[in-house]
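Features as listed in TrEMBL:
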- 49-153: domain 'Thiamine pyrophosphate enzyme N-terminal TPP-binding' (DOMAIN)
- 245-356: domain 'Thiamine pyrophosphate enzyme central' (DOMAIN)
- 455-580: domain 'Thiamine pyrophosphate enzyme TPP-binding' (DOMAIN)
- D486, N513, G515: Mg(2+) binding site (BINDING)
Amino acid sequence: MDTHIGSVDGPALAAANGTVGCPASAPGCPMASTPAQPAATLTAGEASLGRHLARRLVQAGVGDVFAVPGDFNLTLLDHLIAEPGLRLVGCCNELNAGYAADGYARARGVGACAVTFTVGGLSVLNAIAGAYSENLPVICIAGGPNSNDYGTNRILHHTIGLPDFSQELRCFQTVTCHQAVVTNLDDAHEQIDTAIATALRESKPVYLSISCNLPGLPHPTFSRDPVPFFLSPRMSNKMGLEAAVEATVEFLNKAVKPVIVGGPKLRVAKAGKAFVDLVDASGYAYAVMPSAKGLVPETHPHFIGTYWGAVSTAFCAEIVESADAYLFAGPIFNDYSSVGYSFLLKKDKAIIVQPERVIVGNGPAFGCVMMKEFLSELAKRVKKNTTAYENYKRIFVPEGQPLESEPNEPLRVNVLFKHVQKMLTGDSAVIAETGDSWFNCQKLKLPEGCGYEFQMQYGSIGWSVGALLGYAQGANNKRVIACIGDGSFQVTAQDVSTMLRCQQNSIIFLINNGGYTIEVEIHDGPYNVIKNWNYTGLVDAIHNGEGKCWTSKVKCEEELTAAIETALGEKKDCLCFIEVIAHKDDTSKELLEWGSRVSAANSRPPNPQ
């Protein structure tokens, strides 16, 4: 697997800071985007820890750091601001800063946020946990206590009142792949470099604490510009690769109607192109798991939709589950993706390809086999077999259109998404919030180049507001369309303010149906009803005449059509916020099915002991 940093295969990172990475055949991967120049010797004032960290972030591909100031990180923020290649984006709270770094990492391959000690760190923790679950390299930087306070019996502010300063570190140990607490200058450069390199190599978040009195101090180790260092690419064990390919070819070539299903770990394996090459070579029908939507093209003729068990797109589950062999590339099988463990799959028919491991049916497992190399080699040797795709074409009947609306009829959600579908182009991206937007957005057919992101594994409501901020900042060549429920929006609404400060032109569809609809369909109760807000009024108040913002409240199809026309035309340079009034029971049929199955899984009685 090469170490190119990007959304799936790396091309998304080409931007102001260039690309980071190297061809898969290269012996190592320099963290630099331009040919190495002789490093300039710096003055004592420039040769500081803060400058070194800022330069490293730029070299890694970070152009924006999402931050909330606090007294322990203020000096560090000064140095980040002083770096020409970095932009400091001030967020309204740490949770949204973390969500924004998550969204930015999806668009650019790596993200970063900066917070203050404990009160900031524990606030951002939830977002970092989500990034960990989604395999996103996010560099979480916390300003720490003065280095002289470590090892003393002092009690500091922003703590729980004990002289032990390790609480924040211990919390981050479970949701990051590497942690470093920088309390001296002698090895600070090594700690910083190791943390950033680990985030990129493991595609997971890291935690980096910097004592508040260190960022501005010079040290001989910082006396020159950071020399680009190398990330050693992970390589397959050649014998293991050959054995895995041989076993898989034998397994697939004797199958009558094999299929391929893409999973979310295609991203971390950077194997999107290799996956499509295998589809081309094999002729198999292919689907994606819901959390892999957007990672491979949907315009390929052999694409049959989303495989999501009982709530799959039309005719997709029938083809996948009736196959006599299915290759899953990078799957995550959990209760949500399996619709309450209701998949009709058999282990002895499955080949499971993980980023570094291949398991063939009930038989052999092969470690140290990189997914990208494995899929590429398999494409050279697999026998073409179009049977499953031909079966799909025989049975497929196009889905019907929503019923035509009567004049001024209350707007239905399926009519809303009919119009969202028409808005999509290769210059668009879709952000889907946890909730019914999962299911409605999943049915959208993405044009070539259209981005798509949602957080399925962690499923934290409110994620989409911060993620929209970060994704739009990282993918500034796309107009991002976000579909957000009213309950989720109430969790993180404040950072619409930051979108306006950053002059973003995203389109937000706020679906106002009076509560937590996804929870209603799993288990209803009075706690699922929320206080209604005047959402357009709220956004107008946040706008406050500063920046470009346009809002609209729509209740019928005629108003929706007019609002979309305005957002795409006259207000194309504005942040457009369209509040859609929907009935509280207006849900997708997929959510109704999914909710009942997840409810059944959640309510299983204890097994007798």
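Just so it is clear, glycine is given a Cβ too, placed from its N, Cα and C backbone atoms.
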Helix, strand and coil totals (DSSP H, G, I; E, B; other) for the domain 'Thiamine pyrophosphate enzyme TPP-binding' (455-580): 58 helix, 28 strand, 40 coil
DSSP helix/strand/coil residue counts for the domain 'Thiamine pyrophosphate enzyme central' (245-356): 39 helix, 21 strand, 52 coil
DSSP-derived helix, strand and coil totals, residue by residue, for the domain 'Thiamine pyrophosphate enzyme N-terminal TPP-binding' (49-153): 52 helix, 21 strand, 32 coil
